[in-house]
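Please read the structure below before turning to the comments.
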Amino acid sequence: MTEVKLDFQKQGGLIPAIILDHTSKEVLMLAYLNEEAYQLTRTSGQMWYWSRSRQELWHKGATSGHYQTVKKITADCDLDTLLIEVDQLGAACHTGAKSCFFHPIWDEKDGKTD
């Protein structure tokens with residue numbers, strides 16, 4: 001694994017992570033990692049996040065059984081955002097949907113906005 005110095009301080013100790021399905025490349029969710037969640041993710045191979053609402057570490061799937069197994073982690077050019085590809089077991093969204101992104105707002109085909 002390549003070691004890089006991620007910039008956790010730029011955004012108050014948290015780094016946003018865009019989570020993609022490894023096979024389909026569908027965006028599943030956006031969540032945040034603090035340094036501890038990042039280290040747990042790297043060492044365990046499963047996704048750990050920092051819950052901003054509960055102010056605690058969150059092991060994705062520990063309650064729901066919808067685990068995310070890490071396949072690839074890439075940092076952006078500023079080292080302050082992550083793109084993480086996972087194998088998703090079950091739904092990624094707490095609503096039970098596969099992806100958290102399911103509210104259409106605008107589509108270039110019809111040029112309409114919500």
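For all residues, glycine too, the Cβ spot is worked out from N, Cα and C.
The Mg(2+) binding site feature in Swiss-Prot is assigned to ASP76, ASP78, ASP80. Among the features that Swiss-Prot reports, Zn(2+) binding site is placed at CYS77, CYS93, CYS100, with the record citing sequence analysis.
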Candidate with the highest Cβ count within 10 Å, taken from the binding-site residues CYS77, CYS93: CYS93
ASP80 (Mg(2+) binding site) and CYS100 (Zn(2+) binding site), distance between Cα atoms, whole Å: 22
Candidate with the highest Cβ count within 10 Å, taken from the binding-site residues ASP76, ASP78, ASP80: ASP80
ASP76 (Mg(2+) binding site) to CYS93 (Zn(2+) binding site) - Cα separation in whole Å: 24
Assigned conformation of CYS100 (Zn(2+) binding site) - DSSP reduced to three states: coil
Cβ-centroid neighbourhood (8 Å) of the Mg(2+) site, ASP76, ASP78, ASP80 excluded: ASP7, LYS10, ALA75, CYS77, LEU79, THR81
Number of Cβ atoms other than its own within 10 Å, given for CYS100 (Zn(2+) binding site): 17
Alpha-carbon spacing, ASP78 (Mg(2+) binding site) to CYS93 (Zn(2+) binding site), which is rounded to whole Å: 28
Distance, CYS93 (Zn(2+) binding site) to ASP80 (Mg(2+) binding site) (CA atoms, angstrom): 24
